[in-house]
Amino acid sequence: MQKLLMPGLLLTVIVAAALLAPVLPLPDPVRQDVGARLAGPSLAHWAGQDEYGRDVLARLVWGARVSLSVAFAASFLAAIAGMFLGVLGGYFRGLVELATVRAAEVVLCFPPLLLALLVVTLLGPGADTLIFCLAILFAPGFARVAYAETLATRNLDYVTAQTSLGTPTVRILMRTLLPNIAAPLIVQFSLTIAAALLLESGLSFLGLGVVPPAPSWGLMIRSARATMEQAPLLLVWPCLALSGTVLILNLLCDRLRDVLDPRGSRARPGFLRTLAALPSKRATSMPTASGLLSVRGLTLEAPGPHGPIPVVRGVEFDVAPGETVAIVGESGSGKTLTGLAIMGLLPPAISVVSGEIVLSSRSGQQLDILRLREREIRALRGGDIAMVFQDPSSSLNPLHRTGSPIAESLRAHGNPGHRVTELLRRVGLPDPSRAARAYPHELSGGQRQRVMIATAIANHPRLLVADEPTTALDVTVQAQILDLLSDLKRSDQGMGMIFVSHNLAVVSEIADRVVVMYAGQVVEQGPAAEVFAHPHHPYTAALIASTPEDDIDRLATIAGAVPQPWALPQGCSFAPRCGHATPGCESQAPELFRHGERRAARCLRWREFA
Ligand SMILES: Nc1ncnc2c1ncn2[C@@H]1O[C@H](COP(=O)(O)OP(=O)(O)OP(=O)(O)O)[C@@H](O)[C@H]1O
């Protein structure tokens, strides 16, 4: 909401001045004083006097009344009419589309000024005619935006879900569709008000709009033109008022769109936020990654209703060359955000509070990803580090042939683009040349994931981050993809891998080491075989017990749910769900106890438990 403050305040001042014009201590805007013709600014007339000796400031303020009310009323009418036509046409299509959107588009065939001339000739000049005329001119623009957005939205799953629930059509249109297409309509509204202000000025300038002597900004520009050489300031004032108001309106609508869209950025973009939030490091304090990657004290925050909430808290782990480290935990434990932080791809709403992610790059440098500029991270992505996403159907561009992102990735890192088929063969696609020419919808889910993997490994990354790469696939294809990843690791000896998953059965097949996360923290880590055989944290033990095996009757579940980041318990985060918790666990937050070279657990009773 803070974002709206400045433009909202400025617009309020302009609108208040226009509304309060009759009670403000201003001279009569139409009273002439020919003796003081074209007089410059003075104490009595702050902005000077025009060619009839009328007070320019009074005419500007009264002119705002006319110009703004015409622009607002016309844009509002155009928005309502256009939105109505566009949504109906886009949702029902067929004849309704013909009678709404296509009919409205007829208006676009006429040059706007000619149409305005026609309407003014028929109805006579004046503010009311102008509102009507501008509304007709701008409504098709809204109709087209609403139509296009409705077409894109009407077949999305959440709209289909509403239909399948039997929700009445009017409710779907009002409650589901409209809020989701509102953002572009708001932008269109800001552009339309600005265009209406300018067109009103233009039409008044041509003598087709507001009738003199009533003031409007367009009329003021028109009359100032004749005396431009003797009194240039007379032209400057209305132009300033016009362009200033248009800029403020654009700013306000842009900010409004950000505020109304929860997916919009609430924070500054990537590197700016990171650089500002983190204390800069002296060269001597830079840790050196013992292996390939070293994550230290990574703490991330998300915006909450009462201020920032910690979603990842002091996460630490290492990845050695050639090692597969699995990050496991229930939904909401912070696995994905940790993976995205390593890629420098955190969503705009998430901010880095502290920590280091040091990568030992191909060029032998130790780079702290959190402190790199966007341009520097971009050079690493696809080369030193690459990522495979969870859902292959949404990570491939539906309009590009599957070979094209691979070729692009190869070329971006200076490799020849013709290796595409070779890579597709390497990831096990049976007819690589055909697959390279196919569109994503022509491939199966497993084949699409193979294409994603081919894109990721195209430039032999040193580190591959795989975020639940098998979750969207069926069990047979899951096994094939896991085999593929293992094969790739074997053939590309030095490549380290971070494998994010909530599925322990999958992890046990692929991981060398396991990092178990709970409520944004690492609660246990160690070699996979040791952790699975002898967990040192009750949460890990519970996760293992709840992994489905052959005998589904013996499946255990973990009572309760992961605490929300804004309602973390005072002591150990797992204590409320833990069968081994003591009163001490509920009052004291445990640190990560390290034992031996390779294992660590965040549990006060880890010794007894182990
Ligand atoms: N863009 C975002 N804005 C605000 N909060 C977010 C955002 N992304 C994630 N979070 C919050 O951060 C926490 C950790 O999310 P994350 O996606 O890392 O969990 P996860 O362990 O990967 O879960 P899953 O397995 O379901 O993907 C959650 O509480 C989530 O609500």
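Cβ coordinates come from backbone N, Cα and C, glycine included.
Range annotated as transmembrane segment by TrEMBL, chosen from 13-31, 203-221: 203-221. Model confidence over the domain 'ABC transporter' (293-544) stands at 87, taken as the mean pLDDT rounded to a whole number.
Residues 70-71, 73-75, 77-79, 81-83, 85-87, 89-90, 97, 100-101, 104-105, 107-108, 112, 115-116, 119-120, 123, 181, 184-185, 188, 192, 195-196, 199-200, 203-204, 209-210 of the same chain, all 6+ positions outside the transmembrane segment (129-147), place their C-beta atoms under 8 angstroms from a C-beta of that stretch. Here the listed stretches are 104-123, 177-197, 233-252, and the one with the most C-beta pairs under 8 angstroms to the transmembrane segment (203-221) is 233-252.
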